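Engineer: Here it is, the structure, as structure tokens.
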Amino acid sequence: MSWMFKRDPVWKYLQTVQYGVHGNFSRLSYPTFFPRFEFQDIIPPDDFLTSDEELDSVLFGTLRGHVVGLRYYTGVVNNNEMVALQREPNNPYDKNAIKVNNVNGNQVGYLKKELAAALAYIMDNKLAQIEGVVPYGANNAFTMPLQMTFWGKEENRKAVLDQLKKHGFKLGPAPKTLGFSLESGWGSGRAGPSYSMPVHAAIQMTTEQLKTEFDKLFEDLKEDDKTQEMEPAEAVETPLLPHQKQALAWMVSRENSRELPPFWELRNDLYYNTITNFSEKDQPENVHGGILADDMGLGKTLTAIAVILTNFHDGKPLPVERMKKNQVKKECNSSESDKPGRKDTIKKTDGLSKEGSRYSEEPSISDVKKNKYSMSELSSSQPKRKKIAVQYIESSDSEEIEISELPQKMKGKLKNVQSETKRVKVGPSKIKEDTAFACALTSSASTTTKKILKKGASAQRVQRKLMFEERPRTTLIICPLSVLSNWIDQFGQHIKSDVHLNFYVYYGPDRIRDPALLSKQDIVLTTYNILTHDYGTKGDSPLHSIRWLRVILDEGHAIRNPNAQQTKAVLDLEAERRWVLTGTPIQNSLKDLWSLLSFLKLKPFVDREWWHRTIQRPVTMGDEGGLRRLQSLIKNITLRRTKTSKIKGKPVLELPERPVFIQHITLSDEERKIYQSVKSEGKATIGRYFNEGTVLAHYADVLGLLLRLRQICCHTHLLTNTVSSSGPSGNDTPEELRKKLIKKMKLILSSGSDEECAICLDSLTVPVITHCAHVFCKPCICQCIQNEQPHAKCPLCRNDIHGDNLLECPPEELACDSEKKSNMEWTSSSKINALMHALIDLRTKNPNIKSLVVSQFTTFLSLIETPLKASGFVFTRLDGSMAQKKRVESIQCFQNTEAGSPTIMLLSLKAGGVGLNLCAASRVFLMDPAWNPAAEDQRFDRCHRLGQKQEVIITKFIVKDSVEENMLKIQNTKRELAAGAFGTKKNANEMKQAKINEIRTLIDL
């Protein structure tokens, strides 16, 4: 198969050199090779504007019809019940056939042949989304009336009306509200009068607005609601904070609840859904789980661990094996005797002395003792960790990786299993450093164990049936690769030293694929990428062959794209209980929530159409009823506390103060001269665009000017790669056009900013540029072109675009630019001078204080390295170009409190990533402002979070009389917008005008 383009960074999805681990045993093996990318494999991005469900930004009108053939089908409907229309092009009797299904997916009947002939063309060509409601469904034996509404793009309205007119149909007026007042009359049918339709413009909200709206859903949470506390199981060593005890109590009650899910009632022996008017005899399955959406840094991981150990079956804790005290002491002494650099072998051991053992003396594949497994010493609140030294031996054809020291704590013991340290040949790979990181998480695996496991693999199909019949035991945790090590750390840190867990890290080409053995574990930990890879390969995926006791999605917003294979792999898992852990359940828009609800198996929202019709569309169009439904739903299945939330009058998290200071910088005469020259030239050009009314069509040029001004504020050397703002002209030769477009794209890519793709509204991934000089993510624009064939148009300027004309920036050109910059003679700048003065002054007062130096420009961070070295500072760095292993090493090095450890971390704005904890720092120097104030706040939260004991002081360097001061004005405006409410946001035209006003403010026009 071919690998698919995805919106996360490409390196993250090329992690196919992986490892299999159970508890303490790592496995290094040959890497797999990457098949080539193919156009047809491109996954649509985050449910963007060209997907089926987003074709409904405008309501065209209504149409009356009839459903026939009722007596031939088992599906039934109630009065005023919503129904779905489904094309059936392969129907042997009518190629235009359109089925009518109820909410449960059961066929009720089909549309009359004449009506189907008119609608089939509209549905097949995605000109409109057609939705139905049956006003009088009960007691109809042969036929029933149907009220249909047509939603689509404004540009498709004429085609829809013409198609209906061709078959003798006309649309009637739209309902007065987003709901239906069916008693007030019908839509138009054949030969009826024509009406003008009101246009409901879709409302687009910013990320800040959405986060604020989500927080507002919980403002009226009562003290007696979700505030009961519960103590965790005895096996949990770390004391829980009050808000974590509340979360534990709520999660346990959700898992054990027998209540009906939201919007369901029992009426006359039938279970009735109040938002779709659907009813059925069988009780809908309750949601045994939910969304833990606490703010970042409030300890969601510890809470999840507590749930796993506290709530097994029938409200009882997970039965775990306990070691005797003399055994614990013996193992701890053994750990302390390890010497750095010694090559260890894992020796054969006798059976462990246990209390209350659950198992017979048969070989165990994953007996994990917490004190042998943890990478942290529990002797202090800031545990010291032994590093796993990984030796690289380079050769022309391969790379040998050898574990030179395996910490005793990571080894554990296998009964009756021999294991030894090995050298393993690994073939060439572009991601060998990430492989080494993966290998470093745990230790080497036993060859004997592999034989035991593979022996049982042949019985997979038989075992699959048995596992669905038995009560499940195992919790499956799925997380991004970047936090895999964090989960291992957390289990080691928070579980008592005498507790044994059957724990398996499912990762790597040698990972155990026998569902029978996996299902005997207490915990299986894997990544989204591994789950997706297995799901897409031939044959059964082992993880999909097991009915899990519980599935936990860490950073669960990773499944927000409903079209991605990753999301499909997650939704297809079988489990009794389901949890989503995320501090940002809404990333870009309200539609991000659907995948989470579908994962929770919340009926009827497992089918996306009902979510869209009853909640998503009404809310985004400002309907109060839709907002009330959303509030009711969210409060039922979600628990969210922010850092400012209070419990019994006290803040959830009592953190030290976090003052923010703005330090104004005055440019030198030379810097100011360059700044004014660039500003005057660009201002004249953009002023011409305003006069011509084409400013948005030249948005790339505007960004280019703003970028150059921001770069000058930091350092004039950053201007090396910038180009003039002249765009492609009609007289350019193909090669000249290509060069100009590549330069424009390099201009945007070199900014290091959070420039968004206009389609998916996220940071650019695999960026390409069109002939009209607009930059998009390649998967986004390719899917857009594919969906709008043969007349695809640019989403920004509506000019014609073609897939053959998309240009990518060749990597060698970017590398060449970096080389040119590195050869320049270093000079300082006003901002660097101010930073160095502050750092030296800070070192004089307290040499132990650690600082983050944050910038959007990675090249600027490189320039800052020179004076840091000259002044004798010990520093480390974290940016998006670093392999995951290097990132982890950098973080661990910075968090180290020993003498000689780095006191400064150079951090790129976009490199924060999920699960990043930088509490060692108590000073933050923001070298340049971000467009998005939320992006700044997220970086500040990396050190201002649970575990921070010192006051965090933030300094923002802002150049006086510059674009940076104007950016602060824009930030304040965005924060004010974020204070609004659902239904009061700007529509598309107002958003465009706001963008134009922003440009005027930034350029001082």
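For all residues, glycine too, the Cβ spot is worked out from N, Cα and C.
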Engineer: Labelled phosphotyrosine in Swiss-Prot - which residue from Tyr19, Tyr110, Tyr195 would that be?
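Structural biologist: With Swiss-Prot as the source, phosphotyrosine is noted for Tyr195.
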Engineer: Checking feature assignment: region 'Required for interaction with the RFBP isoform of ATP11B' per Swiss-Prot, candidates 791-796, 851-856, 863-868. Which range matches?
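Structural biologist: Within the set 791-796, 851-856, 863-868, Swiss-Prot attaches region 'Required for interaction with the RFBP isoform of ATP11B' to 791-796.
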Engineer: Out of 554-557, 642-645, 730-733, which range is noted as motif 'DEGH box' by Swiss-Prot?
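Structural biologist: It is 554-557 that Swiss-Prot annotates as motif 'DEGH box'.
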Engineer: Tell me, roughly as an integer, the mean pLDDT over the region 'Interaction with SP1 and SP3' (922-1005).
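Structural biologist: Here the mean pLDDT over the region 'Interaction with SP1 and SP3' (922-1005) amounts to 76.
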Engineer: What does DSSP assign Asp295 (ATP binding site), in three states?
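Structural biologist: Going by the DSSP assignment, Asp295 (ATP binding site) belongs to neither helix nor strand, so it counts as coil.
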Engineer: Tell me, if you would, which residue among Asp294, Asp295 (binding-site residues) has the fewest other CB atoms within 10 Å in the structure shown?
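Structural biologist: Counting other Cβ atoms within 10 Å of each of the binding-site residues Asp294, Asp295, the minimum falls on Asp295.
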Engineer: Just name the winner among Lys112, Met296, Leu298 (the recorded positions) by count of other CB atoms within 10 A of its CB.
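Structural biologist: Its Cβ has the most other Cβ atoms within 10 Å: Leu298.
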Engineer: Could you state the CA-to-CA distance between Lys112 (SUMO2 cross-link) and Met296 (ATP binding site) to the nearest Å?
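Structural biologist: Here the two Cα atoms lie 54 Å apart.
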Engineer: What is the Cβ neighbour count of Thr301 (ATP binding site) at a 10 Å cut-off, with all protein chains included?
Structural biologist: 21
Engineer: By a simple count, how many Cβ atoms lie within 10 Å of the Cβ of Gly299 (ATP binding site), its own Cβ left out?
Structural biologist: 23
Engineer: Please report the number of other Cβ atoms within 10 Å of the Cβ of Lys300 (ATP binding site).
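Structural biologist: Lys300 (ATP binding site) is surrounded by 22 other Cβ atoms within 10 Å.
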Engineer: In the three-state scheme derived from DSSP, which category covers Lys300 (ATP binding site)?
Structural biologist: helix
